[in-house]
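In Swiss-Prot this protein carries:
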- 1-15: domain 'C-type lectin' (DOMAIN)
- C2-C13: disulfide bond (DISULFID)
Amino acid sequence: DCPSDWSPYEGHCYK
């Protein structure tokens, strides 16, 4: 999973 302030999208994390 991603850090709580990041969001998952198409298999990676973004801010």
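Cβ coordinates are placed from backbone N, Cα and C, and glycine is handled just like the others.
Around the Cβ of C2 (disulfide bond), the same chain contributes P8, C13, each under 8 angstroms and 6 or more positions distant in sequence. Note on the domain 'C-type lectin' (1-15): its mean pLDDT in the predicted model is 96.
Just so you know, the Cβ of C13 (disulfide bond) picks up 12 other Cβ atoms within 10 Å once every protein chain is counted. In the three-state DSSP reading, C2 (disulfide bond) counts as coil.
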